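Taken from Swiss-Prot as is:
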- 34, 42, 47, 87, 121, 282, 322: FAD binding site (BINDING)
């Protein structure tokens, strides 16, 4: 059997990366297992060009830039990254170690920290006839490269933060931006909705999508007013569907932890119902928790410090980062 790790972090999103950094500061041998072929979670996969506004110290930061900073930070302590593997099951061994079984092999660890966010995810489809045949051309479910929309007529559908944020970000780049929502009110943050209404974005509410037409790509979209049945046909060079994502925790649902909807109940120490298994970030829940990256950043050190005590009961209480970081780097 290979030498076990002190902690194995399941999930390589922003909270998982910060957890890896902090466990490195606590001089723990650290492994990160990520089911996607790249680190960064939804930020890197779905929203790399999107700005984030609620990270302390950054008035705004592009998602990919935040991921790059987190990777640079975590890599100070050379954690082991395992990409493209999905954890299927765990087993407590007689010697107290935890054996993690993935779709490609086995991993041995003393503790586990779950930072899998909302789990695996898939975009909710556009939901009209023949739409799927345009998914390889000009129907998009997320925006990876802003420049591809330069000087083009872009129609976005949705009423949440992503739809509003992308509309505002594409406004100075695209030839025109139209945002269509089936309700009168948007679910996005109040401030960004105010920015939307003060922008040049053409806002259409409450309209539902009836059909799309086109040969090799979507050329027109037909909308019906939800109250008056008025029909409007809108031309488009690109269509961005922001109806959200369906997420699943997959095999984690079989673990002997307490679930609350799609999250795992933890206590104030980030402990789950399984000894030695902790959770932080959006996969964790407790009374009053707010689903923000910033919240997960605060939970990560709690989980790591508790895991450290299990690995080494004689470990001292963590010091401030300045003295701790210098001590570890000079070790």
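The count begins at 1 with the first shown residue.
Glycine too: its Cβ is placed from the backbone N, Cα and C atoms.
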Report, as a single number, how many Cβ atoms besides its own are within 10 Å of the Cβ of residue 34 (FAD binding site).
25
Can you tell me how many other Cβ atoms are located within 10 Å of the Cβ belonging to residue 121 (FAD binding site)?
16
Give the three-state DSSP assignment (helix, strand or coil) for residue 42 (FAD binding site).
helix
Given the binding-site residues 47, 87, 282, which one's Cβ is surrounded by the fewest other Cβ atoms within 10 Å?
47
Helix, strand or coil at residue 282 (FAD binding site) [DSSP, three-state]:
coil
Using Cβ atoms only, which residues of the same chain lie under 8 Å from residue 42 (FAD binding site) while being at least 6 residues apart in sequence?
13, 117, 118, 121
